[in-house]
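First comes the structure, then the notes that go with it.
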Amino acid sequence: FLAPFFANNTSNRTNVAKSTSINQENKAMLEYYDENINDVKPKKSSYLKTYLQNVYNFLHSPSIVFIYDSIAYIVFLCLFSYFILCEFRYTETVVIYEYDKNETSLTELDKTEVKTYPGVYEYVLLIWILSLTIEELRQFFQGENHIRFKLKLLRYFRDKWNYLDILGCLFFAIGFILRVVSIWTTEKVFMFAKISFCIDLTIWYLRLLHVSLVFKSLGPKLVMIQKMIRDLIFFMCLIAIFVCAFGITTEAALYPSSNFDLNLFRRILTKGYWPVYGTIKILEDFDRFSANCTGRLDCPEPHGLVYSYIVLMIYMVVANVLLVNLLIAMFSSTFQRVHENTDLIWKFQRYALVYEYVEAPVFPAPFCMVIYLFKAFRTIFKRMCRKKFYEEESYFGNNSLNLIQTIEKKSSIEYLELKQEQMRRTIDAILKWNSEKLELLEQKLNTLLENKVTLKK
């Protein structure tokens, strides 16, 4: 409420002429227009009206909307985190007490575990997610109405942050449905709901990176991360070949008669994947072998130990030395390419951020639900009034409708004539100003010619 006192939203052509670097002739031309064109001067508004207008402009500025939205989003993450950590339980303990009149005290009789129902925190988060979903729908349908659905779909998914928004709303809906279903089922369904909420909270925390776009030092770093993830996907496809080649062959050499189950896949990944990061679990198989190990199922084959030891040395050189340094070189190249265009990337990010919050509601989620409800009721009311206007012919008879159409035609003609008159006055003023300048130039030219003739004589 204090910021509008310091915000200066007034602007006119005189201030523009003073603030911009234009020459004296353009300033004289603007002053000439202000003196000769009979425009309607706006009345001086009251102090209260000016203050309210400044408040409106202040609250609708993209930077203020962005700040309010960021603060509300951080509150949402804190509330969601507290709910997952402390308030999301399948059962709660209910203690039954008995009041003793003689001793005037409570005596504990029994403790029971009862299933919990959705509480206040869950409903608040549900309303919050619902408002975020409506905001995503607004972003999808905003713009021109004549644009086809396919083009709107492509324009909406062009922003990669919308993928996180959709996934966040989807996982919350799945988790809330499973949580309600778990009331009449087992605790296993409740654990699936909790896992869904945990994934959803992870997505919303990743969505917080969107705030860093406003900073010039952090915004381009997100582009670096995005491009490095592409390099990492290529690297993971490449290293998967070596992991399968080493893990499967060593497992087959050490334990020829293994059962086909999940533990088999776990042992293959343990032998092939974790050595890339320095955790060499296969050495435990080498240490397990001894003279008394023969005849046991968990005992590795002696000939397989020799093969695995030789292959391990080759694999460590290829995986830890060659492939990891290749990934570091790819990251360095990507970082250098993005760092050269840091300023340009940040300007594009800043423009996209401002464009997003120009059309955003003033109040952040979940308070924007009030604005959406108000707009919905206003739209319904307008359509009902319009329908009633066209359906009730008795309210406006044929003569009244003809009179209204005649008045509209007359007003349109008067408006067009007024615009043409203003255009003519503007053209006349320009011609008059040009003619005066030409006369002035002609006088100066005649003076120069006379001086020249006098000098020649």
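Cβ atoms are placed via backbone N, Cα and C, with glycine included.
Just so you know, TrEMBL annotations never went through curation; they're auto-generated.
Bear in mind that the values here come from a model prediction, so they are computed numbers and not experimental data.
The annotation domain 'Ion transport' is assigned in TrEMBL to 79-342.
Per TrEMBL, the feature transmembrane segment maps to 65-85 (among others).
The transmembrane segment annotation in TrEMBL covers 162-184 (among others).
Counting same-chain residues at least six beyond the ends of the transmembrane segment (232-255), those with a Cβ under 8 angstroms from any Cβ of the stretch are 264, 267-273, 276, 282, 285, 300-301, 303-305, 307-308, 311-312, 315, 318-319, 323, 326-327, 330. Residues or ranges marked as transmembrane segment in TrEMBL: 232-255 (among others).
According to TrEMBL, the feature transmembrane segment maps to 306-331 (among others).
As annotated by TrEMBL, transmembrane segment applies to 352-374 (among others). Remote same-chain residues near the transmembrane segment (352-374) are listed as 59-60, 62-63, 65-66, 68-69, 71-73, 76, 124, 127-128, 130-132, 134-135, 138-139, 142, 159, 213-214 (criterion: CB distance under 8 Å, separation of at least six residues from the stretch ends).
Long-range neighbours of the transmembrane segment (162-184) within the same chain, counting only residues 6 or more positions beyond its ends whose Cβ lies under 8 Å from a Cβ of the stretch, are 90, 115, 117-118, 122, 125-126, 129, 132-133, 136, 139, 156, 190, 192-194, 196-197, 199-200, 203-204, 206-207. Outside the transmembrane segment (65-85) by six or more residues, the chain places 59, 121-122, 124-125, 128, 194, 197-198, 201, 204-205, 207-208, 211, 214, 353, 357, 360-365, 367 with a CB less than 8 A from a CB of the stretch.
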